[in-house]
Amino acid sequence: MSNCCRILWIAIVIGLGVLYYEITKEFPKPNIPLDTWWGTGKSQKIDTSMRPFKIAINDEVLNTLKVKLSDVSFTPPLEGIDFQYGFNTNTLKKLVDFWRTQYNWREREALLNKYPHFKTNIQGLDIHYVHIKPQVSKNIHVLPMIMVHGWPGSFVEFYKIIPMLTTPRTDYNFVFELILPSIPGYGFSQAAAKPGLGATQIAVIMHNLMDRIGFKKYYVQGGDWGSRIVSAMSTLFPENVLGHHSNLCFLNTLSSNIKSFVGSLFPEWFAGKQNVHKIYPLSEHFFTLLEESGYFHIQATKPDTVGVALRDSPAGLAAYILEKFSTGTNKAWRSAKDGNLQSKFTFTELLDNVMIYYVTGSITTSMRIYAESYSWDHLSLNMDRVPTIVPTACAKFPHEIAYKTDFQLAEKYKTLLQSTIMPRGGHFAALEEPLLLAEDIFSAVKKFIDHHSKKDSKNQENRDL
């Protein structure tokens with residue numbers, strides 16, 4: 001081999017090595033200020049008390065809603081089209097009629113007020129949360145856990161799972177004390193007055209909330225945007241987060257995407273026989289993503305424009321939100337005239353969530369999380385490439401919008417203790433399959449406890465040497 005060839009091969013090897021390093025290198029934990037002021041004007045002294053709060057919507061708001069629901073015109077759907085073009089207006093008419101004539105907000109309001117609600121000011125924003133303290137005997141351990149919702153959800157998604165997580169069981173010696181916040185700009189939580197409040201900055205607010213309540217160490221759980229927020233909490237505050245459970249474990253790195261491409265050569269080996277269809281063929285999943293992500297592009301670029309229409313029209317708001325509850329639960333439901341919405345949910349349950357957006361006028365501010373979290377400033381934090389050492393568990397529901405193998409997730413989550421392939425369910429797990437989700441949370445937290453116990457024992461042994 002000539003010297004030129006040797007030099008060329010050496011250059012190629014070095015180049016590939018540098019490329020591999022750049023693609024796979026881990027980033028340091030970013031320095032996110034803990035006291036950024038997100039309220040109006042300049043930072044000022046705040047009331048740090050935790051104020052009891054009760055949902056009590058003005059009659060005028062409800063009367064206006066009824067008037068608007070009585071004056072809706074519907075464009076007929078195309079022949080042979082179900083939910084493929086979005087929310088079928090024949091189904092929407094039935095929903096609006098139910099909303100106007102049968103849905104009773106005052107009854108639902110009383111149900112929502114069943115658990116104690118509070119507000120407290122964090123970094124200039126009044127943050128709303130529900131706080132559930134279980135009543136148990138002394139031999140049952142009570143573990144604090146924050147559960148964070150996403151879009152287009154709200155804290156009401158968790159109401160079914162509350163008793164499952166707070167009631168003592170014979171197979172575990174612990175239950176959970178739950179903190180269910182509304183993300184800033186959602187529902188009864190105040191929206192930021194300044195740009196820049198992305199998922200990572202919200203994670204700081206949620207950590208400060210837990211600290212304000214009195215929890216120095218706690219567990220986290222989330223799906224959708226909640227999954228991104230609690231993942232960031234685990235990454236930024238490993239000394240405080242005891243365990244991280246998510247029903248949407250996801251990362252979007254160049255190296256993980258390359259693995260998906262290379263894995264297409266050996267799909268069953270890469271994904272496992274039962275999970276191949278969740279990733280491959282790549283082209284099919286790409287076009288599905290393209291078809292279903294139109295809302296994402298709007299909300300990541302011009303959320304305030306579409307927000308004007310959605311805030312003004314309750315029927316439009318319901319269609320926009322509940323179309324996601326159909327497709328997000330099972331994308332095959334696009335081929336059903338009613339979107340199969342009532343096969344897993346009731347109209348009442350679905351409208352409870354829509355009402356949180358309507359009565360608070362928060363649809364515009366809720367959508368801004370997309371623009372803030374996909375800004376260049378936020379993306380430059382490279383949170384997906386900052387390692388998370390906190391014990392982690394992933395519940396993988398079969399109809400979730402995205403799927404990553406444990407091999408890919410291990411890039412970020414260095415202590416992945418549990419990964420469960422669920423038998424059924426989709427994106428809105430807490431509302432759709434609360435029992436499955438609760439079982440997985442209990443199982444995961446038991447593993448987290450055992451992990452910390454072994455770690456503490458090992459540290460003690462090292463100290464004794």
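Glycine is treated like the rest: Cβ placed from N, Cα and C.
Per Swiss-Prot, the feature transmembrane segment maps to 7-27.
There are 25 other Cβ atoms within 10 Å of the Cβ belonging to ASP224 (active site, nucleophile). Under the heading active site, nucleophile, Swiss-Prot lists ASP224.
DSSP assigns TYR370 (active site, proton donor) to a helix. Counted within 10 Å of its Cβ, the other Cβ atoms near TYR370 (active site, proton donor) come to 21, all protein chains included. The active site, proton donor annotation in Swiss-Prot covers TYR370.
What Swiss-Prot records for HIS427 is active site, proton acceptor. Other C-beta atoms found within 10 angstroms of the C-beta of HIS427 (active site, proton acceptor) number 24, with every protein chain shown included.
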Exercise. Round to the nearest Å and give the CA-to-CA distance linking TYR370 (active site, proton donor) with HIS427 (active site, proton acceptor).
Key: 18
